[in-house]
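Peer 1: Before we start, here is the structure in question, set down as structure tokens.
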Amino acid sequence: MEPHHDGHILKVLPMLASNENFSRLTTAFVAGIAAHIIIFRRGEWDIAAARIPVGLFILQSCLFSYYLFVPGPPTSIYTALWLVGQITLGFIAGTTVSILSYRAFFHRLNSFPGPFPARLSMWYVTSLYAQNPDAFNTVRGLHQQYGDFVRTGPTELSVNHPDALQAVHSGRSECTKGPWYSMLHPFISLFAIRDKAEHSRRRKPWELAFRPNAVLEYLPALEKGTNELLEQVERRKGKSMDMTYWINLFTFDLTGRVAFSQEYECVKHNKRHPIMEINDSSNLVTGVVSHVVWLISFIKATPGLNANMKALIGFSEEQVQNRQKMQTSGQRDVFSWLWEDFKEQGMETPQSKLDLVADASLVIFAGSGTVAVTIIGCLYFLTSTSPDYLTQIRQELDTLDEINSHTLSKVQTLNAVINETLRLHYPALSGFQRQTPPGGLHIAGRYIPGNTNIKIPFYTLFLDERNFAEPEKFIPERWTTRKELVKNPEAFAPFLLGPYNCLGKSLALMQVRHVLVELIRRYEIVLAPGADPEKYWRERTDGFVMGLAPLDLAFTEREMAGF
């Protein structure tokens with residue numbers, strides 16, 4: 001067998017050297033360059049990426065058939081395969097060389113500084129996130145090295161200028177959502193809609209679901225969930241409790257009740273729902289690979305690799321189906337508003353069903369995670385760095401005639417602690433992708449070309465001395481009695497701005513305030529023996545929502561005043 005194999009190799013070498021083969025390779029190489037310039041440079045190819053190999057295979061099959069069956073001297077299967085391989089190699093080489101040359105030397109973003117490999121491919125920033133779980137610190141380092149405008153990808157900029165938030169995210173901005181939001185296509189949630197008109201239409205039932213009166217209807221669910229959490233704390237008084245674990249159970253349970261009137265009973269049974277494990281692993285993977293949006297297309301289409309994604313979507317479908325079967329006694333939940341709008345549209349299509357499932361997924365996984373990160377962050381600061389604020393909050397609570405969502409919104413120190421936690425412990429550290437309008441965008445006098453993907457790294461922005469004095473210190477007074485420490489109020493918008501702002505803000509804040517107050521007024525809260533707050537801080541990870549290490553606290557009962 002070996003001599004026969006060597007004979008084939010010896011035959012191949014002169015074939016490569018022949019003028020005919022060189023001409024064929026050159027033609028394919030030039031065709032690859034032309035394909036990049038004429039086709040692949042136009043529009044977005046991210047969500048269509050999985051179809052490109054299919055198209056290439058079809059072309060290869062046509063070429064193979066041509067060489068095998070075209071009239072003329074007979075061509076062996078081996079020779080036909082060799083010729084098709086030559087053309088394919090030349091075409092791919094031409095396309096690749098053209099793409100890399102264009103990005104490295106001729107691209108419209110070449111005037112922006114940044115690591116040279118970032119010009120060539122999003123694999124560079126992907127590798128940063130893969131190697132550094134706290135990639136938000138790495139991005140901050142890039143800005144310290146290169147300045148306010150950093151090229152982090154072939155068509156992507158990271159912008160940390162104080163004016164950037166208003167220019168990119170405000171209501172007057174012409175920026176739209178970028179290709180990142182299409183990665184779960186054809187499942188399109190409200191969060192993923194890139195067309196502003198469609199987003200405005202789909203947003204209406206959400207606005208009804210989160211208006212003040214509707215939010216108050218969710219209060220019984222919040223109280224029930226809080227009581228279940230308090231029961232678990234009561235059983236473990238004086239013992240170590242991992243509040244990262246317990247608060248995540250609490251918010252997941254709460255999301256089930258508020259969104260679908262479903263009972264997951266994670267807190268009650270001290271057990272994580274299986275879907276939480278899948279969501280956690282997906283969150284970590286998403287933080288790494290989502291920078292290469294086209295790769296998500298391949299993952300979605302590949303059996304085995306798409307198992308987690310299918311499980312998350314399947315769970316969301318199950319919640320929708322279960323909720324549709326339920327008969328509620330006038331009690332509203334978030335899904336009831338979405339379902340009502342779905343029926344009123346009167347046009348049930350395959351896409352509208354997918355969108356409904358996507359919206360369900362948005363409520364379940366985005367809502368519970370961000371609230372949990374905020375509550376846990378508050379507990380971290382109140383026990384690890386600034387326990388004196390616990391006393392201040394209790395003193396302010398003691399002055400209230402009653403505790404309810406309205407009075408808690410006025411408790412100065414509590415709300416200052418929440419704001420400062422959102423600044424230093426923001427759930428979405430790396431920000432949200434936007435795309436500049438076709439005519440481009442000016443930020444601080446710097447022109448950014450049209451159709452450029454742009455991200456504002458909130459972690460870096462919130463630690464910028466141009467925006468906040470003593471930015472790395474936890475100082476809640478900057479939101480109350482020392483407002484001079486907030487140098488640029490317009491640089492702080494944790495719930496975003498404009499048409500894409502967070503509709504669930506009032507519900508999220510009600511949840512955070514309620515559970516914190518019930519814990520603070522009932523218990524003395526301290527770090528558990530052996531707890532390592534520095535390890536907690538050091539092990540934060542970047543993802544769709546920030547990943548957190550265990551936060552071990554101990555609770556001992558205290559006397560409550562007046563309630």
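Any Cβ shown, glycine's included, is placed from N, Cα and C.
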Peer 1: Annotation N-linked glycosylation site in Swiss-Prot: match it to one of N21, N419, please.
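Peer 2: Record says N419.
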Peer 1: Round to a whole number and give the Cα-to-Cα distance in Å for the pair C502 (heme binding site) and N419 (N-linked glycosylation site).
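Peer 2: It is 15 Å, counting Cα to Cα.
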Peer 1: Count the CB pairs under 8 A between the transmembrane segment (80-100) and each of 20-40, 52-72, 362-382, then give me the winner.
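Peer 2: Per the Cβ under 8 Å count, 20-40.
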Peer 1: Six or more residues beyond either end and a Cβ under 8 Å away: which residues meet both conditions relative to the transmembrane segment (362-382)?
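Peer 2: Cβ under 8 Å, 6 or more out: 189-191, 243-244, 247-248, 250-252, 254-256, 259, 279, 283, 312, 315-316, 319, 334-335, 389-390, 417-418, 420-422, 424-425, 427-428, 474, 504, 508, 511-512, 515-516, 519-520, 525, 533, 536-537, 544-546, 548, 551, 553.
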Peer 1: Quick check: in three-state DSSP terms, what is N279 (N-linked glycosylation site)?
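Peer 2: It is helical.
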Peer 1: Taking the Cα atoms as reference points, how far is N419 (N-linked glycosylation site) from N279 (N-linked glycosylation site) in Å?
Peer 2: 27
Peer 1: For each of N279, N419, count the other CB atoms within 10 A of its CB; which of these glycosylation sites has the top count?
Peer 2: N279
